[in-house]
Amino acid sequence: MTQSTNFDDVYPVQWRDDQVILIDQTRLPLEYKEVAIADYEAMGHAIKSMVVRGAPAIGVAAAYGMYLGARRIQTTELREFVVQLEFVADQLRQTRPTAVNLFWAIDQMLNVAYHSGENVEQIKANLLSQAQQIQLDDLRTCQAIGAAGLEVLPREPHQLTILTHCNAGALATAGYGTAIGVIRAAWSAGRLARVYADETRPRLQGAKLTVWECVQAGIPVTLITDNMAAHCMQQQRIDAVVVGADRIARNGDIANKIGTYGLAVLAKMHAIPFFVAAPLSTVDFALDDGSQIPIEERDPVEIYQPEGNRITPEGAEFYNPAFDVTPASLITAIITEQGAIAPEKLADLQA
């Protein structure tokens, strides 16, 4: 049975009792289970196996993973400490290739190691503080994204039906959520009638996680299979689409969970606004466009053997990309903590 959990208390990554506590998202919604992580190897496995997932949450988890790795380093010599910490960073970078927040957070932690503290113990303390700050900043960022999203949602009808894909909620961030943050803000303002949640094959994050979050929050939610979205749009059941992003190129192309591109095409066809909600830390200004975003391919067992039950005969081949790229031309606006931005204006924000 699902443990009763208040939405406001859903924090997928926490620092508690000198270790990291993760909500095991592979067990939701049937079981609410927390997992204690005490070393960077365990954190790397948790990220790769999707115990923790969602680009911002992965970034927070990686930051704590860096501290866990630093804590275990025995040397007191600064140069050797940095060398060993860079090894930890390399191991964590290999866990998930698409979500840029992971790389951003690791770089933030390395920057602390390079430029703060006069001794190793001081650097270790600074690394823990930095990880905690990354977590706090992301929570505040998500709240700001929610407020910014509320401002750009369609004015009519007053109560909207919003379609979302995968899970860009509290479970995918430090808390509150990006796309679900916008939905939550709309619900609090009396502007939301209902959420339609794609199940999101093959991992079913929509069915398992987004629906779970909405139920916890008391938000009306309707689950649909991915191939029902076009019909729902044609029947005028959808007023707006709001999704998250795992990486955004400087031209406004975005990589998000597989199936997002198809939704954007459908939304364009039906003249439905398509919004992407993500923090600026998800923008990779080093990439000119979405063709340069690395796309993770996962074990095909996720396709042919969902929930441990094989559904496809032997002899077939499989293709299991975890993400696809949505061109900027299909996106109405990218909702960030600094407000909603037209995709073509994103490069103007580069520091």
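Every residue, even glycine, has its Cβ placed from backbone N, Cα and C.
The Cβ of D246 (active site, proton donor) lies under 8 Å from the Cβ of A55, T98, A99, V100, N101, A255, N256, K257, T282, F323, each of these being in the same chain and 6 or more residues away along the sequence. Residues or ranges marked as active site, proton donor by Swiss-Prot: D246.
Secondary structure at G54 (substrate binding site), taken from DSSP and collapsed to helix, strand or coil, is coil. In sequence order, P12, A99, N167, A168, G169, L171, A172, T173, G244 are the residues near G54 (substrate binding site), counting only same-chain partners six or more apart with C-beta under 8 A. Feature annotation from Swiss-Prot assigns substrate binding site to R53, G54, A55, R96, Q205, N256, K257.
In sequence order, D198, T200, Q205, G206, T210, V243, G244, N256, K257, G259, T260 constitute the residues six or more apart from C166 (site 'Transition state stabilizer') in its chain with CB-CB distances below 8 Å. Among the features that Swiss-Prot reports, site 'Transition state stabilizer' is placed at C166.
A sphere of 10 angstroms centred on the C-beta of N256 (substrate binding site) encloses 28 other C-beta atoms. Maximum intra-site Cα distance, substrate binding residues R53, G54, A55, R96, Q205, N256, K257: 17 Å.
Summary: among the binding-site residues (R53, R96, K257), the fewest other C-beta atoms within 10 A of the C-beta are counted at R96. Counting every protein chain shown, the Cβ of Q205 (substrate binding site) has 27 other Cβ atoms within 10 Å.
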